[in-house]
Amino acid sequence: MTEMASLLEAFERAAAASPLVRFVDVALRGLGQVMFQDNPLTGLFFLLAIIWGAVSTGQPFVAICGVLALVVSTGTALVVGVDRTAWRAGLYGFNGVLTGLALATFLTPGPMLVVFVVLGAAMSVIATLATQRWLAGHGIPGLTFPFVATSWLFLLASHGFAGVSGAGLPAGAVTAPAVMVATDPLHVVDFVSGVALSISQVFLKDSLVAALLFLAGLAVSSIPAALLAVAGALIAVIVAHLAGAESELVTGGLLGFSPVLTAVALGCVFARPAPRNLSYAAFATIVTVIAQVALNAALAPVALPALTMPFVLITWLFLMAWPAEKH
């Protein structure tokens with residue numbers, strides 16, 4: 001860890017001496033902030049995970065769009081003139097990169113998609129500023145709400161433009177009631193896959209290797225955050241399976257990425273990792289699984305993915321309900 005600290009100090013000195021290195025530093029911190037880490041090394045691990053996850057599934061364009069969105073959102077925030085301390089911490093980059101990844105995941109590649117990614121990344125900064133002002137009186141963070149709102153806007157717009165198609169969007173249909181069938185215990189391989197992919201799906205990636213890289217990135221910055229990410233994934237897989245959720249959603253991590261974020265946020269970011277707070281975070285994580293399924297069903301008729309909105313809603317509610325002095 002001493003060598004790592006020395007490396008970070010050297011990088012910080014280089015960033016202080018060069019505007020270009022500073023921009024790279026801020027962009028990497030923006031990547032890290034997707035999971036609340038103000039650490040460029042974490043961002044580097046996350047970048048490698050995104051690239052691996054995209055290339056290994058034959059979608060390198062998704063990684064390119066994610067990086068493009070990260071650069072655009074980081075640059076837009078600088079041009080707009082946001083608070084420099086917040087900018088240097090990467091707080092105006094994480095919603096942008098998620099927006100770029102989401103648009104590239106759900107829309108077909110092409111020139112219009114690139115336009116959407118650039119506009120969406122820039123818009124995520126405006127949405128972040130608006131959300132900050134909106135929530136200022138409540139003392140709670142905007143989290144990934146700007147990403148969700150911006151992505152929904154552009155994904156819905158894809159239905160009205162011939163130049164871009166939402167081929168990867170969920171099929172628009174009224175959700176039929178689930179049929180409860182006898183469930184066998186998850187096989188070990190499926191269980192491990194569900195836990196790991198719950199972590200990688202935070203970045204819309206379906207890759208075990210990417211999941212390990214994301215975990216490594218968390219661990220170099222915060223061991224508690226890494227442990228809570230795994231705990232959140234475990235809770236999500238177990239709860240979803242026991243409740244009879246569709247097995248492909250469980251093992252694919254599609255019901256676990258929001259609970260992972262909730263566990264980290266309430267377990268060690270906005271509260272000390274004390275026993276009582278961890279119990280509170282565990283309860284919130286369970287509720288987030290329910291919220292994920294509920295929003296999936298609610299948004300099915302308009303063919304929209306829930307993205308991280310379940311995490312946003314549940315974390316907001318629990319932060320507003322939990323007195324600040326108990327954090």
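Backbone N, Cα and C atoms are what each Cβ position is placed from, and that goes for glycine too.
Curation does not apply to TrEMBL; its annotations are automatic.
As recorded in TrEMBL:
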SITE      THR308  site 'Important for channel permeability'
TRANSMEM  39-55  transmembrane segment
TRANSMEM  61-82  transmembrane segment
TRANSMEM  89-107  transmembrane segment
TRANSMEM  113-131  transmembrane segment
TRANSMEM  143-165  transmembrane segment
TRANSMEM  211-243  transmembrane segment
TRANSMEM  249-271  transmembrane segment
TRANSMEM  278-297  transmembrane segment
TRANSMEM  303-322  transmembrane segment
Do the transmembrane segment (303-322) and the transmembrane segment (143-165) share at least 3 Cβ pairs under 8 Å, sequence separation 6 or more? yes
Out of 89-107, 113-131, 143-165, 211-243, 249-271, which stretch touches the transmembrane segment (278-297) the most, going by CB pairs under 8 Å? 249-271
With pairs fewer than 6 apart in sequence excluded, do the transmembrane segment (249-271) and the transmembrane segment (61-82) have three or more C-beta pairs that lie under 8 Å? no
Report, as numbers and ranges, every residue of the chain located at least six residues beyond the transmembrane segment (143-165) whose Cβ falls under 8 Å of a Cβ in that stretch; write 'none' if there are none. 34, 94-96, 98-99, 102-103, 106-108, 110-113, 116, 119-120, 123-125, 127-128, 130-131, 261, 265, 302-305, 307-309, 311-312, 315-316
Counting only residues 6 or more past its boundaries, what in the same chain has a CB within less than 8 Å of a CB in the transmembrane segment (39-55)? 4, 7-8, 11, 24-25, 27-32, 61-63, 66-67, 90, 101, 200, 203, 205-207, 209-211, 213-214, 216-218, 220-221
